[in-house]
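K.L.:
Here it is: the structure, laid out below.
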């Protein structure tokens, strides 16, 4: 009798799961299926086919998928290959504190396209819980002065290294990365800056004094370890993160995921100084064969390494980690990161690290998150292409998440060895 097992059954979303099937016939082919519904009831699903060993066992840590949504040895393939039933869907966890994702795993007889797969019951099934927050993490709603967001504190007395988490063009408040980072020991402020609560509904300008207030708010908290903080940022959030690192002396470590090294849309303003946006050329906005918009060719002015529009990154005192998806269809992130690095090197700076991933797209998220190659952006335009190939994108997410944490710890925690 077939038996499906998964260890652990309940874990954080960035933790791997060991899946096995035992009790099969020797060399039997079995179909493994995974599915979940998000908080709006949207279905995401994946499947892969495996052949049992001579003793009737399948172990995803060692055995290759023969077909389905991925091929080869990929222990977590059922998770990162999940696809939305509705086109242009993106898996985003909104309520991180009160409920996990429930992922249903089934071991089934293989089927052919013309068969009715409902007729055959599964050989075995189970349900996994995938949490975005560890036990003991506290969430504090933030509405202080102008600041809007959510502060996540790890369990314990602290103090903990502080990080500000910034997302991009979707607006609103995204909490899933901040809650997960707090689960790994960082006091993390998910900071909203437009299209949320009483904040502006459109990003007409980037007021850096607002973000400075966010930094000061975080550093005032008794459980936050000063004197500096880190930034974790993506897309327009990374544009703002870079601007903060240049202008705010408290920024010690900045993670820039697929961001520009210039102002892309709305001007940045700080104490009267204005950083104007780069002129974009609409001729280079491409609608691909699937009807998805690709923006990555639009900022041709920045191709010149001495472009007057580039941020003066050499003025920053902290360290940078550039995370680049080389198949990004929203920004030419590889070019922009290399341009910023060249600017640092020209000024004798060595305060940077580059992680560049072939085949990875724009939305590099925590490990095992399904690749979103395209999604709707109703506030901007109907649909955007984010790029990325499933397997290399998954590998980039797993590797970069570990490196991001190492980078933040390296530059935000005191060097105890120097005190010995």
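Placed from the backbone N, Cα and C atoms, the Cβ positions cover glycine too.
Under the heading N6-succinyllysine, Swiss-Prot lists 40, 346, 350, 409, citing a large-scale study or a structure entry as support. The feature phosphoserine is assigned by Swiss-Prot to 125, 418, with similarity to another entry given as support. Residues annotated as active site, charge relay system in Swiss-Prot: 235, 328, 362.
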K.L.:
Taking the recorded positions one at a time (40, 346, 350, 362, 409), which has its Cβ surrounded by the most other Cβ atoms within 10 Å?
P.N.:
362
K.L.:
I need the CA-to-CA distance for residue 125 (phosphoserine) versus residue 235 (active site, charge relay system), whole Å please.
P.N.:
39
K.L.:
For each of the recorded positions (125, 235, 328), count the other CB atoms lying within 10 A of its CB, then report the residue with the highest count.
P.N.:
328
K.L.:
Given the recorded positions 40, 328, 350, 362, find the one whose Cα is closest in space to the Cα of residue 235 (active site, charge relay system).
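P.N.:
So, spelling it out, the nearest of the recorded positions is 362.
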K.L.:
Nearest of the recorded positions to residue 40 (N6-succinyllysine) by CA-CA distance, picking from 328, 346, 350, 362?
P.N.:
362
K.L.:
Compare the Cα of residue 328 (active site, charge relay system) against each of the recorded positions 346, 350, 362, 409 and report the nearest.
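P.N.:
So, of the listed recorded positions, the one sitting closest to residue 328 (active site, charge relay system) is 362.
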K.L.:
Should residue 328 (active site, charge relay system) be counted as helix, strand, or coil on the basis of DSSP?
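P.N.:
Looking at the DSSP assignment, residue 328 (active site, charge relay system) belongs to a strand.
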